[in-house]
Every structure is written in structure tokens, then in C-alpha cells.
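A.B. asks: Dropping a structure here in C-alpha cells format, bear with me for questions.
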Amino acid sequence: MNIELLQQLCEASAVSGDEQEVRDILINTLEPCVNEITFDGLGSFVARKGNKGPKVAVVGHMDEVGFMVTHIDESGFLRFTTIGGWWNQSMLNHRVTIRTHKGVKIPGVIGSVAPHALTEKQKQQPLSFDEMFIDIGANSREEVEKRGVEIGNFISPEANFACWGEDKVVGKALDNRIGCAMMAELLQTVNNPEITLYGVGSVEEEVGLRGAQTSAEHIKPDVVIVLDTAVAGDVPGIDNIKYPLKLGQGPGLMLFDKRYFPNQKLVAALKSCAAHNDLPLQFSTMKTGATDGGRYNVMGGGRPVVALCLPTRYLHANSGMISKADYEALLTLIRGFLTTLTAEKVNAFSQFRQVD
């Protein structure tokens with residue numbers, strides 16, 4: 001696990017629609033070891049390694065959930081809208097970073113009312129998004145604008161990357177910088193002359209899987225492995241039957257989500273690879289969300305796709321948590337699978353005629 005790369009990626013500000021910082025990190029990381037780097041029309045990062053055999057894509061979306069400045073009042077407070085899925089109770093009094101159009105980062109905090117000034121009824125009611133504001137310590141609109149903050153600036157949670165104990169990693173934007181980091185490690189270490197390997201950092205996943213569609217059209221892959229996160233149900237307050245994934249028990253294979261079913265032969269091949277290498281593997285479903293697999297699997301008449309996810313606590317909030325052991329297990333699983341992949345195996349994934 002390249003913890004330095006993961007930290008660099010997590011500390012980048014790259015809300016959906018503003019992924020340049022992550023794109024730059026991936027360019028600098030992978031340019032020395034790939035044949036070509038290109039981009040689709042929305043800005044998804046595409047690295048190619050090799051030029052022979054079937055096209056195999058490993059995809060991790062670059063964007064994170066965040067906010068955008070929508071109004072600056074006369075007193076210097078900012079109003080904002082959410083980008084991606086947020087729960088309002090996870091937002092109050094958290095520090096944020098505003099990225100100006102020139103790339104300057106301005107710190108702020110989502111303001112909260114002191115309990116002394118709240119009625120008992122108000123204390124029992126969650127604050128709506130429309131009532132929230134951001135304080136950057138300015139005294140007027142003019143001071144805000146002098147610092148370079150404008151309507152339309154993107155806002156991300158403040159970076160807070162850390163390792164806790166021997167196994168846990170905590171930080172913002174683990175969804176889905178872990179996918180980007182793992183994609184990069186695979187491009188650096190997998191050498192299989194039988195396939196053309198693509199590493200994709202897709203854009204705008206959190207607002208509709210948009211970069212998945214455009215990058216799929218750009219590459220036209222034969223097989224796709226999507227890397228993402230999934231809800232860990234091993235904390236108080238979560239139904240662990242609906243959300244069975246646990247940290248430290250291995251990566252999760254997504255059996256279906258709102259927009260995708262995996263190719264069953266691809267699932268069987270990965271399960272066999274995990275068993276052969278004595279790697280733990282969990283299984284999950286997601287009825288209310290989707291991964292980039294939901295766009296890749298229907299492109300060009302349909303493609304074999306599977307989504308593999310790291311169990312993650314506290315998704316779509318300021319601080320998520322993953323297990324290093326789960327990361328290593330998933331990296332080992334995919335590396336082993338890609339290393340032994342051949343054109344014959346790839347073709348077999350799309351053969352649907354029953355053979356006696």
C-alpha cells in the first residue's frame with residue numbers, strides 16, 4: 001500500500017466538476033510507467049499500458065462530494081449548495097476548504113448556533129441545508145472578494161489524513177481516492193503482455209456517473225473492473241443485515257447496485273482467484289446508490305463489468321475510515337487476476353451460449 005500516494009490524493013481538493021488536483025497527481029505518478037495518457041471530453045484521466053490484446057480497464061472515480069458557493073452576503077458569510085449526497089447532521093461546525101478559480105485554498109467553517117441561543121424545540125430539530133452558512137473570518141462581501149472567493153467556487157471538507165493504530169486509515173475523500181490510488185498501483189506493477197491495460201480516473205461520478213459514460217466511449221474496453229467504496233455496517237446504528245460489510249474482513253464484491261449487475265463469469269473468476277490465493281472476500285448489494293459500473297456495463301452493446309469495493313465507515317462525510325488489510329487484499333486479488341488474464345479468458349466472459 002502506497003500510503004504516501006493515498007495521502008496526497010486524499011488531501012487534494014477535487015469536488016465533482018473540479019477534479020484537476022487529482023488529475024495532476026495521477027499524471028505525475030503514472031506518466032513514467034505507461035505508454036500514453038489521454039483524457040475524454042469531460043476530463044476523465046485515461047492511462048494506457050501496452051498495445052496488444054483485449055482492452056481491460058480499471059476504473060476509480062476522482063471526484064469527491066462537496067459544495068459550491070452560491071451567495072455572499074454583505075457581512076461576508078457564504079451560502080452554498082451541496083454537490084453529491086450529504087446528510088445535514090454530518091456537516092455543522094466542520095472545517096472546509098474553498099478552492100478559488102486561481103487554485104488558492106481559503107479555509108472556512110460551516111457555522112453553527114451555540115446551544116445557549118437555541119430553544120429546546122430547536123435543539124431537537126436538524127438544521128436544513130438552506131439555513132447553513134460558511135464563515136471564512138471576513139467582515140464584509142468586499143473582504144471575501146478580495147481573498148479571491150467568488151460565487152461558483154468549489155468547496156471540499158478540510159484535509160485530515162491520518163493512520164490510527166496498525167490497520168486503520170482515516171481521511172476525507174476516501175470515496176474514492178482509494179480507487180485512484182489502487183488503480184495507479186496496479187498500472188505500476190502489472191505487466192501482462194497479453195492485454196492492453198487501461199487505468200481510468202473518471203470525473204463526476206458523485207453527480208450521475210457522467211465520466212464513466214464518456215471514458216467508456218473513449219476507450220471502448222472489453223472488460224472493466226470498477227474500484228469504489230461501500231458502506232461498512234460494523235458500527236452502532238446501522239442494520240448489519242442490509243449492510244454486512246466489516247472492516248478487516250476483506251474487500252466487498254458488489255452483487256448489484258441501482259444501475260448494475262456484474263458479469264457472472266467475471267464474478268466466478270474473481271471468486272476462484274480469491275480462493276486460490278487464500279484472500280478474504282465479502283459480498284454486498286446497494287439498492288439506493290450506484291457505481292461507475294452502471295454506465296460501463298451498457299456501453300457499446302454491453303460489456304463484462306464487476307465492481308469491487310472497500311468497506312468504508314462514515315461515507316460522504318468529513319472523515320471516512322478504511323482497513324489497510326482490506327486494501328492489500330483487494331490489491332493482491334486484482335493484481336493476480338490481471339496478471340493471468342488472456343484473450344481467451346476475456347472472450348469467454350461474453351459467451352452466453354450453453355455448452356453441453
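Glycine is treated like the rest: Cβ placed from N, Cα and C.
The active site, proton acceptor feature in Swiss-Prot is assigned to Glu205. According to Swiss-Prot, the divalent metal cation 1 binding site annotation covers His61, Asp175, Asp228, on the basis of similarity to another entry. According to Swiss-Prot, the feature divalent metal cation 2 binding site maps to Asp175, Glu206, His316.
Provide an account of the burial state, proximal residues and distances for the features listed.
C.D. replies: Annotation for Glu205 (active site, proton acceptor): spatial neighbours Ser16, His61, Asp63, Asn176, Gly211, Ala212, Thr291, Asp292, criterion Cβ-Cβ under 8 Å with sequence separation of six or more.
The Cβ of His61 (divalent metal cation 1 binding site) has 32 other Cβ atoms within 10 Å, all protein chains considered.
Around Glu206 (divalent metal cation 2 binding site), the same-chain residues at least 6 positions away in sequence with a Cβ under 8 Å from its Cβ are Ser16, His61, Asp63, Glu64, Val65, Ile83, Gly84, Gly85.
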A.B. asks: Could you name the residues, excluding Asp175, Glu206, His316, of the same chain that surround the divalent metal cation 2 site, i.e. Cβ within 8 Å of the Cβ centre of those residues, in sequence order?
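C.D. replies: After dropping the recorded site residues, what remains is Glu64, Val65, Gly84, Gly85, Asn176, Thr229, Leu315.
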A.B. asks: Under DSSP, is Glu206 (divalent metal cation 2 binding site) part of a helix or a strand, or is it coil?
C.D. replies: helix
A.B. asks: Under 8 Å Cβ-Cβ from Asp228 (divalent metal cation 1 binding site), six or more apart in the same chain: what's there?
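C.D. replies: Once residues fewer than 6 apart are set aside, Asp228 (divalent metal cation 1 binding site) is near Gly60, His61, Asp175, Asn176, Gly179, Met254, Thr291, Asp292, Ala307, Leu308, Cys309, Leu310.
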A.B. asks: Go through Asp175, His316, the listed binding-site residues, and name the one with the sparsest Cβ surroundings, counting other Cβ atoms within 10 Å.
C.D. replies: His316
